[in-house]
Amino acid sequence: MAESELLVQLGVVGAYLVVALAVGVLAYRVTGRDAEDYYLASRSIGTGVLLFTTFATLLSAFTFFGGPNLAYAAGPEWILVMGLMDGILFAILWYVIGYRQWLIGRYERYVTLGEMLGDRFGSKRLRALVAGVSLFWLFPYVMLQQMGAGEAIVGLSDGAVPYWVGAAAITLFMIVYVVLAGLRGVAWTDTIQGVFMLGIVWIAVGWVLSAAGGLDAVSASLAASNPEFLSLGGGVYSPQWMIAQAVTIAFGVAMFPQINQRFFVARDVRVLKRSFALWPVLVLLLFVPAFLLGTWAAGLGVAVPEGANVVPVVLNAYTPGWFAALVVAGAMAAMMSSSDSMLLSGSSYLTRDLYRPFVNPDADAARETWIARLGVAAFAIGTFVVSLFRPGTLITVGDTAFGGYAQLALPVIVALYWPRTTRQGMFAGIVGSQVFYVAHVFVPAATIGGVTVLGSAYFTWDFALYGMALSLFLTVGGSLLTAADADERAERFAVGTRAD
Amino acid sequence: MRRRKTDYLWIGVFVVLVAFAIPWFLWGNAATWSGLPVWLWWHIGWMVLASVAFALFARGAWDRGMNVDPEEVGFDG
């Protein structure tokens, strides 16, 4: 690649980072020094910003890389999984978990999920368990984002910039940014990033289509080269697989720290309602074009080198270098908007649920803020170092985290709605399902007496679904078998006064 | 009694929205219309429909499952 072109591309990415940093500094100037303002922007977020910050946070390198790669290799049916998962199931959970958490959090001023559950069940250990489980799954996921960013820069520069330099630069940038900006800045840049990604992906689709001769021509060449892509199902896409992916990821997303914490930040109920209704449309607008790009690349006979991502390759083939650079900047925006929120939430779990209750209960506000920022840096550096060893592929690592969070969702829903839930029931549900899930991820499958255990599925259904069922069974069963302790406070979750 | 009926109605609407987000009846169907598979058009229509249903739910039935009065929650839009 010509030297000058490389400079143009790095210039685009650099300019983008400068804009993000400027917003961060602006947010820093209006952010107060207390934890509620740093982590939750004092619960003052409006519709547009909440919608886009949640949306951009939800998007990862997967939207631009892993997802289109999957569509390129196996067909575009993932769009339907996305629709069921994010468009419908997550929207319903937005109401069932999100609105309830918002109502409770508003009265009790909770900042994290662990804090809310720990207070309700009168248990510091439960609080630490929820935070510990969340951080355990957050770590590989942040690593996934860094790997995506590193690969994006390798692809953009045709290998001139090595992987570790790209990932290190992004990590450093994010640390500075999150330490400065807090949630308000993160939410503002998320909004810019979300709008940017949405715009850029549609321009990319338009450009590729017009360069390749229009939708009908692209469709015809796809029908000639990969007719199986047009037909619903086939290949990896079985009904069981699609349902399992949609269900585990949707429930998992609701328990991801950076998404779950968003449930606390809405300014008023109108914000929650509008976001809820606009959700499916936003899903439609982003994922259909992103995944179609990958699908069309197959029909257009674009050759993707081993280990490369399809979207940059197809854009380099059909659009000028600077535009491909813009899209890679969009992918990095996706990756950063997820990671900065994850770092911020991860740090809040670390400091509020682990450090303060166990290490230093008397920490004053100034010290807590300092520790929070230190936590951000430690977390980001740790994931960066591990990402250099590249354990597993993007999709595998990501799916493992989503399934792990999905195990938390049903115990939390039970706790939110059923006053009879007990502390012992919560411990049983959370610990039992996590042990079950982790064993299936890490212990190799074995056949005992003709039955395969610890495999990826039972009766063709993903093991994560059985883990969720187990979490529900153990939480409800454990609660029925035990009595609530005197210091459990069911009334904390009893929102509302309306007699029914 | 009327309240009960409306609750079941909304649960039914949500169940249908979930159940047919993937058009199972088009399984294996490769027909295209205007350059995109028919099942993709279904997806586009279904997301718009879900959005409308969610907007109606937010307007008329939002606080139904939560035991709160609209005035309690502050502004009710």
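Cβ atoms are placed via backbone N, Cα and C, with glycine included.
Sequence-distant contacts of the transmembrane segment (A:6-28), counting only residues of its own chain at least 6 positions beyond either end whose CB sits under 8 Å from a CB of the stretch, comprise 153, 156-158, 160-161, 173, 176-177, 180-182, 184-186, 188-189, 192-193, 321-322, 324-326, 328-329, 332-333, 336. Among the features that TrEMBL reports, transmembrane segment is placed at A:6-28 (among others).
The transmembrane segment annotation in TrEMBL covers A:40-66 (among others). Taking Cβ pairs closer than 8 Å, the transmembrane segment (A:40-66) reaches residues 31-32, 86, 105-106, 111, 141, 144-145, 147-149, 151-152, 182-184, 186-188, 190-191, 193-195, 197, 201, 253, 258-259, 261-262, 264-267, 270-272, 274-275, 278-279, 282, 286-287, 290, 309, 311, 327, 330-331, 333-335, 337-338, 341, 394-395, 398 in its own chain, all 6 or more past its ends.
Positions annotated as transmembrane segment by TrEMBL: A:78-97 (among others). Counting residues 6+ beyond its ends, the transmembrane segment (A:78-97) has Cβ neighbours under 8 Å at 58, 67, 70-71, 232, 242-243, 245-247, 249-251, 253-254, 260, 263, 272, 275-276, 279-280, 283-284, 287-288, 291-292, 409, 412-413, 416 in the same chain.
Residues annotated as transmembrane segment in TrEMBL: A:126-143 (among others).
Under 8 Å from some Cβ of the transmembrane segment (A:163-183) lie the Cβ atoms of residues 17, 20-21, 23-25, 27-28, 31, 37-41, 146-147, 149-154, 189, 265, 332, 335-336, 339-340, 343-344, 347, 373, 376-377, 380-381, 383-384, 387-388, all in the same chain and six or more residues away from its ends. The transmembrane segment annotation in TrEMBL covers A:163-183 (among others).
Per TrEMBL, transmembrane segment is recorded for A:195-215 (among others). Through the fold, the transmembrane segment (A:195-215) approaches residues 52, 56, 59, 63-64, 285-286, 289-290, 292-293, 296, 300, 311, 314-315, 318-319, 323, 326-327, 330, 333-334 of its own chain, all at least 6 residues removed from its boundaries and within a Cβ separation under 8 Å.
According to TrEMBL, the feature transmembrane segment maps to A:235-256 (among others).
The transmembrane segment annotation in TrEMBL covers A:322-350 (among others). Remote same-chain residues near the transmembrane segment (A:322-350) are listed as 8-10, 12-13, 16, 20, 35, 39, 53, 56-61, 63-65, 111-112, 114, 131, 134-135, 138, 141-142, 145-146, 148-149, 152-153, 155-156, 170, 173-175, 177-178, 181-183, 186, 189-190, 193-194, 196-197, 200-201, 203-204, 207, 256-258, 260-261, 311-312, 315-316, 372-373, 375-376, 379-380 (criterion: CB distance under 8 Å, separation of at least six residues from the stretch ends).
TrEMBL lists A:370-389 (among others) with the feature transmembrane segment.
Sequence-distant contacts of the transmembrane segment (A:401-418), counting only residues of its own chain at least 6 positions beyond either end whose CB sits under 8 Å from a CB of the stretch, comprise 93, 96-97, 100-101, 104, 113, 117, 120-121, 130, 133-134, 136-138, 140-141, 144, 247-249, 251-256, 425-426, 429-430, 433-434, 436-438, 441, 462, 464, 467-468, 471-472, 475-476, 479, 493. For A:401-418 (among others), the entry in TrEMBL reads transmembrane segment.
TrEMBL lists A:425-443 (among others) with the feature transmembrane segment. Nonlocal intrachain contacts for the transmembrane segment (A:425-443), taken as residues 6+ away from its ends with a CB within less than 8 angstroms of a stretch CB, comprise 117, 121, 125-126, 129-130, 133, 400, 403-404, 407-408, 410-411, 414-415, 454-456, 463-464, 466-468, 470-472, 474-482.
What TrEMBL records for A:463-484 (among others) is transmembrane segment.
The stretch with the most CB contacts under 8 Å to the transmembrane segment (A:370-389), chosen from A:126-143, A:235-256, A:463-484, is A:126-143. Nonlocal intrachain contacts for the transmembrane segment (A:235-256), taken as residues 6+ away from its ends with a CB within less than 8 angstroms of a stretch CB, comprise 58, 74-75, 77, 80-81, 84-86, 89-90, 93-94, 97-98, 113, 134, 138, 141, 228, 342, 399, 401-406, 408-410, 412, 457, 460-462, 464-465, 468.
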